[in-house]
Amino acid sequence: MPWSPLAALSWALVLRLLALLWPPGRGEACSCAPAHPQQHVCHSALVIRAKISSEKVVPASEDPADTQKMIRYEIKQIKMFKGFEKAKDIQYVYTPFDSSLCGVKLETNSQKQYLLTGQILSDGKVFIHLCNYIEPWEDLSLVQRESLNHHYHQNCGCQITTCYAVPCTISAPDECLWTDWLLERKLYGYQAQHYVCMKHVDGICSWYRGHLHLRKEYVDIVQP
């Protein structure tokens with residue numbers, strides 16, 4: 001299931017929609033709903049590891065009256081984790097030019113590799129923005145790297161609920177509580193880096209790190 005209706009639109013329409021969501025006068029900030037890395041993988045049409053070769057500012061559409069711009073990143077795809085049925089070798093990814101429209105700034109012509117998650121638009125172009133999970137590969141934990149191959153997308157039937165304050169509880173057996181913000185005051189803390197929400201044969205979901213069950217302090221959060 002795609003992250004949003006953006007996947008069904010052309011890239012020019014996506015940019016116009018973002019412009020409506022963040023009009024001039026609202027400020028320069030890009031606002032995104034919190035999502036665990038597992039949710040990002042599940043909700044993205046494409047997940048790849050890549051290096052950025054170059055960038056170029058291009059028009060958002062062929063309409064001469066359209067003044068919107070996009071950044072086209074030329075990439076070298078290293079590995080694809082998701083999206084095999086929709087794309088093969090990705091050469092370019094596109095993002096809004098303005099950071100206020102959630103445009104992504106990536107390093108070009110360096111040895112840095114990135115994990116890129118994004119959507120494949122109706123015209124076949126790959127669209128990324130700041131609300132996707134985009135991280136330098138070297139910053140990912142071993143558990144995150146391994147989970148990209150199997151565990152994340154094999155457990156998309158689990159729901160991850162962000163916990164902001166105690167008490168917080170689950171409302172269904174297929175939910176996992178994400179407590180990084182509560183315990184560490186940051187989203188991508190220890191739990192996001194080292195745990196996967198996995199479904200048991202009985203349909204119950206819970207956090208696992210490899211073969212180890214969730215540490216007790218995370219479980220205790222649900223108690224009033």
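Even glycines carry a Cβ here, placed using N, Cα and C.
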> Swiss-Prot tags one of 30-33, 78-81, 218-221 as region 'Involved in metalloproteinase-binding' - which one?
Replying inline: 30-33
> What mean pLDDT score does the region 'Involved in metalloproteinase-binding' (30-33) have in the model?
Replying inline: 88
>> Between Cys30 (Zn(2+) binding site) and Lys69 (site 'Involved in metalloproteinase-binding'), how many Å separate their Cα atoms?
In response: 17
> Taking each of the recorded positions Cys30, Lys69 in turn and counting other Cβ atoms within 10 Å of its Cβ, which one has the fewest?
Replying inline: Lys69
